[in-house]
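Colleague: One structure, as structure tokens, below. Some questions next.
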């Protein structure tokens, strides 16, 4: 009986030693199997590529680019196509907080998400949504909720939150000029803390810009020395008319 007990104890000791030796390997394997939070950096200007497959095909965010596309544009990946994929991955909600929004491709992506039943909310700057080519009017016409500021300063944020878990932010204005010509950056991250902070900021602004709180004659914005009254957008010269909140354009 004593000999049997000794053998059992020895076997248990060997088993424990092997388990302890294998434990670090098991933990490393489990950690490697765990999905890592997304961290992606995009840099602009973006190469001009065809984005029709992303914006037209069912399940667009997963669609492959068509081999027989009649357009003469390249059909590879670009910073813009990667940004579109990140947006089109939305399944429940998309919150946009954007200073300027005139990119037709990004505008179509937002409308496509709305058509799929994704809840889309947009916060923007009241003056820059009056630019010729702005997508804001089209989004409103499609039934998407849009709120704007009435502050003397600009609503200068440039971020999006996808499904309350993915943050897209950076220097990029959502305009063709910025996408194709400017040195810009966009960070895409699933960092929980950053997503939480930006979501809190969005909700705060969304409530602050509630239309029931609007005043009929808000104070006019002052350009100051760093914001000239003339700007370029899409190759056109835009001259601001602050008294009516519109702009005129001349070809350059």
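Glycine is treated like the rest: Cβ placed from N, Cα and C.
Values in this document were obtained by computation on a predicted structure and should not be read as measured data.
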Colleague: Of the ranges 45-78, 79-112, which one does Swiss-Prot list as zinc finger?
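Modeller: Per Swiss-Prot, the stretch marked zinc finger is 45-78.
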Colleague: I'd like to know which of these active-site residues, 156, 158, is least surrounded, judged by other CB atoms within 10 A.
Modeller: 156
Colleague: Roughly how many Å lie between the Cα atoms of residue 156 (active site) and residue 163 (active site), rounded to a whole value?
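Modeller: About 22 Å separate the Cα atoms of these two residues.
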